[in-house]
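Positions annotated as NADP(+) binding site by Swiss-Prot, on the basis of sequence analysis: ARG47. Summarising the annotation, Swiss-Prot assigns FMN binding site to ARG124, ALA125, SER126, GLY286, LYS301, PRO302, THR303, ALA304, THR305, ARG327.
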Amino acid sequence: MGSSFGKLFTISSFGESHGGGVGVIIDGCPPRLELDINEIQNDLNRRRPGQSKITTPRNESDEVEILSGLLGNKTLGTPIAMVVRNKDHRPKDYSEIKKTFRPSHADATYQKKYGIQASSGGGRASARETIGRVAAGSVAKQLLNKSAKTEILAWVKRIHDIEAEIHPSEVTFDEIEKNIVRCPNQSAADLMIQRVEAFGKEGDSCGGVIECVVRNPPIGIGMPVFDKLEADLAKALMSLPATKGFEVGSGFGGTYLKGSEHNDPFLPSDSNQLKTATNNSGGIQGGISNGEDIVLRVGFKPTATIRKSQKTIDEDGNAITLKATGRHDPCVLPRAVPMVEAMVALVLADHLLRQRGQCPD
C-alpha cells in the first residue's frame, strides 16, 4: 500500500533508513534492453550521502546489487530486483529522541496513522528510501534514450533567496556537475554554497527549487483526463521527501499573462513534428506531450531535522525542548537532483509503454 508506482512500467520500493538495506523491484521493463550498469551506479553516486561539505556526513558507498531480471546486461522482461545495503547507520544517534515528535517531520503522522514508527533514521520517511527510485529511474532513462533519444536533466534553480538565471534549452550535464550544489550558473552556485554552509553552522537548514528539462520527449504521451502527463508528473514529484510545490511551463508566473501573451503559436513545418514559437505550455498541452521540451520545477522545504532548539511534544503529549542530533543535510537540493530526474523518467517510461499499447501505430 503506497510503495508502488506506475501502470505498465511499475516499481515497488522497500527498506528503511536504518534497516539492512533499501531497494526496488521493477516490473514491466521490456526485454532485450541493454543496460549500462555503470550509469545506474553513477546516478546513485550523485544521490549518495557524504559526497561534499554541504551534505550529510553519513558515509555510504551505495553500491547497487542487481539480484534478478538480467542476462548479462540485457533485460529479460522479468522483474528486475536491485538492492543497496545500509552500512553506516547509527541508531544510537536517535536514542534520545525516539519518543519525540520532530517539528514538521513525519514522526507524528506515522505514529498517529500506524500506532508504531521506525524511530531510528526516519524509516520510510527518510530520503534514503529514494535509492530504489533513483536506481529504477536510471533504467527508465536508458529505455527512453534508446527509444526516443530522450534526455532528462535537472539542476538547482534556487536555494533560499538565491536564484540562478538559467536557460533550460542550453544546460549541459557537465555544467550541472561542475560544482557541489549542482547549479549550472557558477556565480549563483558560489553564493548558494556559502548560504548552505552558513545555515549549517547555525544548526539550521534551507530549501529551494529544482528545475528539470526533458529534451526529445516522446510525442503524444499522456492519458486524458485523470492521467494527464502533468498530473502524473506532479504526483510522482510530490511523492519525494520534502517537496511542497510543483509547476510546469510558465507555472504560476503564467497567471500574470494575458491569453495573447501566454499562447504558444504553432509554426509551419515540413516534418510531422509540432513546433511552437514559445513554450509557456512546458511541452504539454491537454495533458499530452507535444514534442517540445518539457520544463518543470519542484519546490523543496528546508530540512526538518535541525540542531537548533525547538519546542515540541513527546508521544504522550508532554511539552519538551528538542535539540536534534544525528547526521542530516542542511539542504536537500543538491542530492535531490537525481531524484527529480528519476521520477520524471519513471513517469515518461510508463506513459511511453501505455502509448505503445493503445496507439501502436
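Each position is counted from 1, following the chain as shown.
In case you wondered, yes, glycine gets a Cβ from its N, Cα and C as well.
Features as recorded by Swiss-Prot, highlighted on the structure.
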residue	record	DSSP class
ARG47	NADP(+) binding site	helix
ARG124	FMN binding site	helix
LYS301	FMN binding site	coil
CB within-chain contacts under 8 A for SER126 (FMN binding site), separation at least 6: GLU16, SER17, PRO241
Binding-site residues compared (THR303, THR305) - highest count of Cβ atoms within 10 Å: THR303
Integer Cα-Cα distance in angstrom, LYS301 (FMN binding site) to the residue listed as 'NADP(+) binding site': 18
Tertiary neighbours of ARG124 (FMN binding site) (same chain, Cβ under 8 Å, six or more apart): SER3, GLU16, TYR110, ALA118
CB contacts for LYS301 (FMN binding site) [other CB atoms within 10 A, all chains]: 16
Distance from ARG47 (NADP(+) binding site) back to THR303 (FMN binding site), taken between C-alpha atoms, in Å: 16
Distant-in-sequence Cβ neighbours of the residue listed as 'NADP(+) binding site', under 8 Å, six or more positions away: ASP62, THR130, ILE131, VAL134, ARG335, PRO338, MET339
